[in-house]
Structures are given as structure tokens and as C-alpha cells.
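Down below is the structure, laid out as C-alpha cells.
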Amino acid sequence: MLRLQSLGSLPAHAEPAWTVSFNPTRSLLASCSTDRTIRLYSYIIPSSSDGLPSQDDSQAVFSLAKVIETDHKRTVRSIAWSPDGRTLASGSFDSTVGVWEEVIPLSDDEEEEDEGAQGVYKPAGVDSDGDGDGGKEKEWECVTTLEGHESECKSVGFSSDGALLASCSRDKSVWVWEVQPDADFECIAVMMEHSQDVKSIAWHPHEEILASASYDSYIHLAYDDPDSDWCIFQKLHPSLPSTPLTIPSTSPSHLIDALVPTEEEKKAEAELQVPPLEEDETVWCLAWSPDGRWLASGGDNGGIRLWQRTGSQPDSAFKEILHTAAHSRSVFSLSWSPPYPSAESAGSTDSTDLGMLASAGEDGKIIIWQITVPPSPSSASQEIDNEQISIRPIAAQKDAHGVNDINSVAWCVREDKKGWGMLSSAGDDGSVKVWRVVRD
């Protein structure tokens, strides 16, 4: 039996917190806010056995490491780490994208010797002689500001190999930038296919395929066509009716408390204005499965949709397979973790297990879903129907940020596999919270 255990609240932002993101290689958690700052929290993970922890196991210890006072003029809406963990991108409502790196301030002597240096900084990790940094204090500095969007930047993200950076905006555009040496970025594509505000982007975990979600109710899938340039190869539009979320009476009490509404909650939910299926709904968020065969989306009606890739070619089509009722209001954030060793057989994973999907949104709930499918077919093009895929809630927390919306959830997914089952959330109350999935 699993549950969601709170590890506490971290020093909060002064205004709503919008995005949280774990560094993939270092013990750092980043958050951003309307207050225009980026906060970096360091943490120590106690040694533990493989698999998910129990509720009595030692907890990770977090501390505020740095408050970055950005030069952004408005809300910092989105942040994303590069795969090597050395670079952090920030997208702001001032229409710009900031690129941040940890650097060492040059001494006065070094400034005179290196007048050609960019600003008064050099990358952390090397000194002027090419040796180690010698314990010198490091600072996070904006090494590049990318301009081009005409309105609020809503989301940023690096491709899986770190070679590309993408951004999207209220101006209906999606930009792709090529990462070059010395903090240089070249715009290689501007896609203007959406008819409304583009809310989020998500890179495929292994390939250069970019998904974007919009207020226009569409999900666009783009890739670099070898015969031309970056282009949209499919436009996905939700169509399946939702399957009601059923919580058996035999479910753990904490799951029933979180997901089965009381009479008062039912009355309040009935008064909410949720768009019916026949009306277009905003697609707020996207998340790829770790194997790249599935794409999850969340929207205004509170449901979660799963889309299956029907082939192995870069431009293979995706098909909507499932739409399950999940939240009572808009789903603002999704995050998909790799499969974890099961409690029953630590150290092994079920080949049909797609991992855990975390969802959060306007109703203040965090829900953890387990998703399983039949074993991988011999043919990558073999499709799965909605009766074969299983999505079920295994842990949940209501009022995770009090009465406030939850704007972001993110799993701790590291190369060294430390921090399994740990995730963070950011809310309108400005707080950043940390949770973990534990075994009772």
C-alpha cells in the first residue's frame, strides 16, 4: 500500500510560485515565481535500499541555497535544466528567455589580464590556468538573454541531448534554438501553427520530437524534417469522452479521503464552470512516458488523456487511447517518472509498468497514478485499446497547498537514481513543497 508523505514546505516565494524542477545530476531543486526570483534549494538524500522508501525511513533534508534576483521585468513563468545539469533556462512574461550558468567572479587582476572575457565571469570548474576552481565562491549569472517572442513566454525546455532549447509564448509561436559553445544560441525554427496562446512544450525523452499544447485545444507534434526544416507532422485534438474515476470502497482510507468528495464538496463542484466535452478545452500541460511511446495531456475539464505512438518512425502518428476523469477542475501540471522497483520484488520492474504519473491543478490535489499496459508487442506499430491500458490512482493529497491552485509538480529523476519517489510542488500561495511516495 502506498501513500503520499509530506516532507515539508521550503522557504516560500513572496508571490505565486509557478514551476519546480529538479536538477538531473546534482542535489538541487529550482523554483520560479511572480516575484521574478529563482530559488535554488540544496538537499541531502540519506542512503537507502533500492525501491520506494517506507514512511519511517530517513527523509531528505532541504535548505535554501540561493535566491537569484533575475533581471526579468515580469513574472518568471517557467524554468528547465539542461540534461547535464549545468545550465538553467528561464521563461518570463517579459517575453525573454534567460540562460543561467554557475560562474566564478573574476578578480581585479584577472579582469585586466582577460579583457576579452564575456563580462567579468568565467565558467565554474576551471580557473584562468585551467585548473580546478580552488574553492572559490560561485554565482549563478545570466550568460545569455534570448529575445524574439512578442508576448509572454509560457514554457521552456531542453531536448534530451541538450543540443536544442525550445520556448513557447502567448504570441502563438514555438521557437527552437540550437545550443552552441560559449553560451551562444541560434534560432533555427519559429513555428506559428497554433491559433491561440501556447501554454506548454515537452520534448520527447529520446528523440528530437517537440510537443506543444495550446489554448486552441490542440496538441502539435513537430520534428526536424530531413527534407526541409522543422515542421508540424501531426495535430492532435481531444475527442474521447471521459471515463468516470471510480474509487472502490476497499481502497485505503487516505485515498478515499482525498478523492471521494464529501456532500459539501459535491455541491461546490456542481457550481464550477467546467466546459462540456463538445466545447473546445484548453490543453494546459503535457508529459511523455519515459519510454517515449506515450504522451499524457491535461486540460480544462479535469481529465487526463493518453496518446499512443503507433509506429517507430520519427513522424509516426499518435492516437488518443484513453480519457479518464481525474480532477474536479483544470489540470495544470503533469510529471511522469520511470517505473520503480515494486515493494513486493525490490530490484525488479514489471515490463508492462509505464511508471508513475503525477497530476495537479486548480482543485488543489496531487494525484499519483500507476499506468500499466500489456508487454511490449513485437511490432512497434501494434496498437493498444483503452480496455488494455490501466490507469489507477495509488496515492493522493487534497488541499496540498491549502485553498490555493497547484501550478507545477515535478519528480526527482536523477542519473544516479537517488531520490526515487520524491517530488515537489509549487502553488499560488508562493510555497514550494516536497513529497515522497512511501510504502505503509
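In case you wondered, yes, glycine gets a Cβ from its N, Cα and C as well.
Remote same-chain residues near the repeat 'WD 1' (12-51) are listed as 57-70, 72-81, 83-85, 88, 90, 92, 100, 140, 340-343, 346-347, 407-416, 418-420, 422, 424-432, 434 (criterion: CB distance under 8 Å, separation of at least six residues from the stretch ends). Feature annotation from Swiss-Prot assigns repeat 'WD 1' to 12-51.
In the repeat 'WD 2' (71-110), the DSSP tally of helix, strand and coil residues is 3 helix, 21 strand, 16 coil. Sequence annotations record features per position, and here Swiss-Prot assigns repeat 'WD 2' to 71-110.
What Swiss-Prot records for 107-116 is compositional bias 'Acidic residues'.
Residues or ranges marked as region 'Disordered' by Swiss-Prot: 107-137.
Per DSSP, the repeat 'WD 3' (148-187) is made up of 0 helix, 23 strand, 17 coil. Summarising the annotation, Swiss-Prot assigns repeat 'WD 3' to 148-187.
According to Swiss-Prot, the repeat 'WD 4' annotation covers 193-233. Residues 154-161, 163-164, 166-170, 172-174, 176, 280-292, 295, 297, 299, 307, 314-315, 318 of the same chain, all 6+ positions outside the repeat 'WD 4' (193-233), place their C-beta atoms under 8 angstroms from a C-beta of that stretch.
According to Swiss-Prot, the feature repeat 'WD 5' maps to 278-317. On the 0 to 100 pLDDT scale, the repeat 'WD 5' (278-317) averages 93 in the predicted structure.
The helix, strand and coil residue counts that DSSP assigns across the repeat 'WD 7' (401-440) are 0 helix, 20 strand, 20 coil. What Swiss-Prot records for 401-440 is repeat 'WD 7'.
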Item to check | Long-range Cβ neighbours of the repeat 'WD 7' (401-440) (under 8 Å; 6 or more residues past either end) | outcome: 1-25, 29, 31, 33, 35, 39, 41, 45, 51-55, 57, 59-60, 62, 252, 332-338, 340, 343, 356, 358-362, 364-366, 368, 394-395
Checklist outcome for this item: The DSSP breakdown of the repeat 'WD 4' (193-233) into helix, strand and coil residues is 0 helix, 22 strand, 19 coil
